[in-house]
Amino acid sequence: MTISPPESGEKNKKVLEDPVKADPRPIDFAKLDKPGFWSSKLSKGPKTTTWIWNLHADAHDFDVHTGDAEEATRKIFSAHFGHLAVIFIWMSAAFFHGARFSNYSGWLADPTHVKPGAQQVWAIVGQEMLNADLGANYNGIQISSGIFHMWRAWGITNESELMALAIGAVVMAALMLHAGIFHYHKAAPKMEWFQDIESMLNHHIAGLVGLGSLAWAGHCIHIGAPTAALLDAIDAGSPLVINGKEIATIADMPMPHQLCDPQIIGQIFPGLASGTGNFFSLNWLAFSDFLTFKGGLNPVTGSLWMTDVSHHHLAFGVIAIIGGHMYRTNYGIGHSMKEILDSQQGDPILFPAPKGHQGLFEFMAESRHAQLSVNLAMLGSISILVSHHMYAMPPYPYIATDYMTVLGLFTHHMWIGGLFIVGAGAHAGIAMVRDYDPAKHIDNVLDRILKARDALISHLNWVCMWLGFHSFGLYIHNDTMRALGRPQDMFSDSAIQLQPIFAQWVQSIQASAVGTFLLAGTSEALPHKALSEVFNGSLVEVGGKVAIAPIPLGTADLMIHHIHAFQIHVTVLILLKGVLYARSSRLIPDKASLGFRFPCDGPGRGGTCQVSSWDHVFLALFWMYNCLSIVIFHFSWKMQSDVWGLTGGNFAQSSITINGWLRDFLWAQASQVLTSYGQSISMYGLMFLGAHFIWAFSLMFLFSGRGYWQELFESIVWAHNKLKVAPTIQPRALSITQGRAVGVTHFLVGGIATTWAFFHARLFGLG
């Protein structure tokens, strides 16, 4: 079993006096020639095929590489720079494709008719048919990342600017790689620096988030918003005039650096040319032309107003800079996280914990897995919130009418959120096994939760059963009634209604707030446009397509939402059980000594397999996948039916039966991917079949046991020996845990890629 290594380093010195250690570890390229160099066992090389799997399992498990927590933390810190380098290279590739292989200029000139493309297929074996006619004399593969819409919002108007960004991103990647090497080999931070929580919060909140948002606000104000104003005027057919010249095309537009000239910018936003005097005299109304609170969507682009976005980033940046300074660092004032936590007591009636939150600060500060768990849970939740905001409040010009991009980005952010939340459960389990010391948590809230785990899990189990039987039961009832020809006895908007009254109430109070509530600090009533149109608003149309419209809710939504609730609760049940029972259970009291992942509790103990914390993560991944599949199916059909007008509003009556989901969603909408051969979307037909194969391949790992394969290998090795071609590396069947890992990976990749092909072919096929 692996336990996180103990801390090292001096505790008494002030952190800022000596925060780094110089030349702690020389650069040694010889290690790169020896896979598994961190382990004496792995570094000897493979004797059996199990070696390669152990290499993969432990490559990033820094706890097993070193006996020093400081060293492990430095590796994590250094790896962050490597991660940033990969991100910059990825961004550079996107910019380069936009600069070299895309129709960005053509799309920018006519975004309602030209489709975005940034890749052209070479005619090697006849696959050039994948290059569709996307308009503007461009043939290529249509993309759905939303990157063109984002570039337009940034204020990028030509391919030269994209090439400059591509070069800049490569330079940044090189700097990040250098920083990763430098801060591990040349000037590595000490443990005290990593443990200086208040200083970290100060720099992350005020520095990274606050100053980052403020800097982006500066770009939006000086480049993004003026460029958007000029482009919007061109698209609306009423171009602006600058210095007596009509800006009728993109070629007529001023260069980005010219937009910083007060004489030019003053003709677009007079407030921007008014100087800083108004700022220091608090006459901020002078800036209300470029820092707005219009609300709603720009009718030309179907997206949020760029001046509203500028205002948002400015306000958020200021709030974060102020908020980042509320922690006690150098001057003895402000909050101490330890004092805050240690002073919090448990509720004396509902949750008696005599020692309250004592010990939690140390646990969170010292356990990297506990920190990662909380961060993953929060970031995953934020990703899911982002996915919902992107269609309700479209941030980028013309993105709302690019339906494939809207659906793709919703799906993308939902998957990210789900994977991160499962990751939160995984690292919480590792933290409990490796970092949790029961002696330091006697009678605090964490200890009390662990003592109440049986009540928590049994009640959560009851909730899952209740939700599952009732929500699924509604569908079974409806299928039965429809099969028997009794529509009057079904749960539907036209028979026995189950209206989502609470959700409808939330929608109505949003809408009723218009004109009645006053904006803070003013006598102005809340304007209608301050709300998303999905809350009983009005339809916004761009280029003859619906950008956003009110989203009505009815019986069908209540039914599927209770399926969502059921699946979310089961996923949480599995993850929470894996965390609360990570160290011990009635079945295996000494589970902590077995580690985070183990197949069974040794020979002679039947019925103790698949109980490790790792196995709970394994099971939760399946439930997360099932849960999010229904969520993205619901979103796809609901938007096509009730907002975009593509399926004749059939969601309310068809989705209330299981047969309706199979017939009118899966089967009917799969027609595009199944009939894609011979068209430019034929790759999605191939992907649909290939991804099904990958998914089916996973079942081989999930259904059959280790012994079956080992028995088969023995026979195959015997045949090789007979032919005198015996392998030097002895074949070994995958362990139980390895088989499950390979199985769930192929299950998820196959399922996600199948959905990807299904969604893309559907909406690309409809044009």
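The backbone N, Cα and C atoms fix where each Cβ goes, and this holds for glycine too.
What Swiss-Prot says about this protein:
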type	residues	note
REGION	1-22	region 'Disordered'
COMPBIAS	8-22	compositional bias 'Basic and acidic residues'
TRANSMEM	76-99	transmembrane segment
TRANSMEM	162-185	transmembrane segment
TRANSMEM	201-225	transmembrane segment
TRANSMEM	309-327	transmembrane segment
TRANSMEM	368-391	transmembrane segment
TRANSMEM	407-433	transmembrane segment
TRANSMEM	455-477	transmembrane segment
TRANSMEM	558-576	transmembrane segment
BINDING	Cys600, Cys609	[4Fe-4S] cluster binding site
TRANSMEM	616-637	transmembrane segment
TRANSMEM	681-703	transmembrane segment
BINDING	His692	divinylchlorophyll a' binding site
BINDING	Met700, Tyr708	divinyl chlorophyll a binding site
BINDING	Trp709	phylloquinone binding site
TRANSMEM	741-761	transmembrane segment
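Positions of the features from Swiss-Prot, shown on the structure.
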| residue | record | Cβ neighbours (10 Å) |
| --- | --- | --- |
| Cys600 | [4Fe-4S] cluster binding site | 16 |
| Cys609 | [4Fe-4S] cluster binding site | 13 |
| His692 | divinylchlorophyll a' binding site | 15 |
| Met700 | divinyl chlorophyll a binding site | 13 |
| Tyr708 | divinyl chlorophyll a binding site | 11 |
| Trp709 | phylloquinone binding site | 17 |
Which binding-site residues sit within 10 Å of Cys609 ([4Fe-4S] cluster binding site) - Cα, from His692, Met700, Tyr708, Trp709: none
Same-chain residues near the transmembrane segment (681-703), Cβ under 8 Å, at least 6 residues beyond its ends: 129-130, 132, 672-674, 734, 739-740, 742-747, 749-754, 756-758, 760-761, 764-765
Distance, Tyr708 (divinyl chlorophyll a binding site) to Cys600 ([4Fe-4S] cluster binding site) (CA atoms, angstrom): 18
Annotated stretches the transmembrane segment (407-433) and the transmembrane segment (616-637) touching (3 or more Cβ pairs under 8 Å): yes
His692 (divinylchlorophyll a' binding site) and Tyr708 (divinyl chlorophyll a binding site), Cα-Cα, nearest whole angstrom: 25
Alpha-carbon distance [His692 (divinylchlorophyll a' binding site); Trp709 (phylloquinone binding site)] in Å: 23
Alpha-carbon spacing, Met700 (divinyl chlorophyll a binding site) to His692 (divinylchlorophyll a' binding site), which is rounded to whole Å: 13
For the residue listed as 'phylloquinone binding site', the three-state class that DSSP assigns: helix
